[in-house]
Amino acid sequence: MNYISIKNIDNLSQWVQDALKIKKNPLKNKKLGKNKTLGMLFFNPSLRTRLSTQKAALNLGMNVMVMNFTNEGWTLEFEDGVIMNQGASEHIKEAAEVISQYCDIIAIRAFAGLIDKEKDNAETVMAGFLKHATVPIVNMEGATGHPLQSLADAITMEEHKTPHRPKVVLTWAPHPKALPQAVANSFVEMMQKQENMDFVITHPQGYELNPEITKDSKIEYDQDKAFENADFIYAKNWSNYNEYGQITNADSNWTVTAEKMALTNNAKFMHCLPVRRNMIVTDEVIDSENSIVIEQANNRTYSAQLVLQKILNNVK
Ligand code: SN0
């Protein structure tokens with residue numbers, strides 16, 4: 001079993017209930033991972049993913065090894081059949097198989113490069129490991145998805161669920177750097193599995209996500225209208241998918257402010273973090289009682305622990 005995408009979740013509400021059970025008693029399965037090793041490979045920076053996934057593994061009694069490819073590992077070649085006379089020192093064929101000798105599960109972070117859309121959509125790094133590793137793979141944010149985050153988001157929404165059918169809004173907000181679409185993509189896929197929630201995506205014209213992912217999810221270009229009666233506001237920046245990887249809008253009118261939140265049904269504010277304060281969201285909103293960003297981050301542990309637990313139960 002691998003955990004690569006929200007598509008790997010066969011029954012979202014069951015997974016959320018199972019994760020909430022883990023949260024009540026995180027050390028219950030302390031023996032499950034004994035003498036098993038999780039290898040965590042980072043091709044990009046991380047705070048929450050690194051610590052929460054490591055914490056989850058420790059709660060299961062696993063050993064953990066962390067490797068940063070940003071400045072410590074050999075640069076890897078992912079293309080088959082090339083003459084390796086350029087910068088890359090080692091081919092994924094050897095690297096993935098070698099790492100598999102030391103690990104029972106491999107978790108990988110490899111962001112979108114945001115230059116070559118086709119290459120990003122092909123998930124070169126994740127696909128290379130899936131092909132050449134001989135152990136299960138966990139996605140810690142690939143080029144097109146961040147399924148551990150969205151599972152944590154589902155857990156957090158369940159904890160704050162309203163008595164009525166909630167309205168959930170994913171809103172784009174401005175950011176000084178070009179960011180991947182991964183978090184937004186997985187959030188959309190997760191929301192499409194929610195049977196008892198209404199879902200609206202709001203972003204400037206031209207900022208449409210991959211239509212193969214958003215499918216028939218509702219898009220409302222008027223942010224104020226989208227916010228009306230919302231119970232959850234999930235803010236996230238992503239760079240332009242059509243004009244791939246470009247920043248074509250930096251309109252501060254899209255920042256989530258107290259005035260915008262006043263249009264909602266006393267909505268909870270959500271963000272995956274790290275967040276640019278007073279770009280994505282004002283201090284006033286993120287520091288308010290309605291902000292549940294810290295609980296989202298806390299739930300990253302239980303989302304990762306559920307996934308690791310499922311894999312460990314599967315490999316035994
Ligand atoms: C990443 C992203 O995919 O948007 C990771 C989010 C979990 N975010 C960033 O790279 C933010 C970088 C910054 O400088 O704000």
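Note: Cβ is positioned from N, Cα and C throughout, glycine not excepted.
Annotation source TrEMBL lists domain 'Aspartate/ornithine carbamoyltransferase carbamoyl-P binding' at 10-159.
Per TrEMBL, carbamoyl phosphate binding site is recorded for Ser46, Leu47, Arg48, Thr49, Trp74, Arg109, His146, Pro147, Leu148, Gln149, Cys272, Leu273, Arg300. DSSP assigns His146 (carbamoyl phosphate binding site) to coil in the three-state reduction, placing it in neither a helix nor a strand.
Around the Cβ of Glu141 (N(2)-succinyl-L-ornithine binding site), a 10 Å sphere holds 26 further Cβ atoms from the protein chains shown. TrEMBL lists Glu141, His175, Lys236, Arg276 with the feature N(2)-succinyl-L-ornithine binding site.
According to TrEMBL, the feature domain 'Aspartate/ornithine carbamoyltransferase Asp/Orn-binding' maps to 183-308.
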Taking the binding-site residues one at a time (Arg48, Lys236, Arg276, Arg300), which has its Cβ surrounded by the most other Cβ atoms within 10 Å?
-> Arg300
What Cα-Cα separation, expressed in whole Å, is found between His175 (N(2)-succinyl-L-ornithine binding site) and Ser46 (carbamoyl phosphate binding site)?
-> 18
When neighbour density is defined as the number of other C-beta atoms within 10 angstroms of a residue's C-beta, which of the binding-site residues His146, His175 has the lowest density?
-> His175
Which binding-site residues out of Ser46, Cys272, Arg300 lie by ligand 1, going by a Cβ under 6 Å?
-> Cys272
Segment-level pLDDT (mean, integer) for the domain 'Aspartate/ornithine carbamoyltransferase Asp/Orn-binding' (183-308) | 98
Any idea what the Cα distance is from Arg276 (N(2)-succinyl-L-ornithine binding site) over to Trp74 (carbamoyl phosphate binding site), rounded to a whole Å?
-> 32
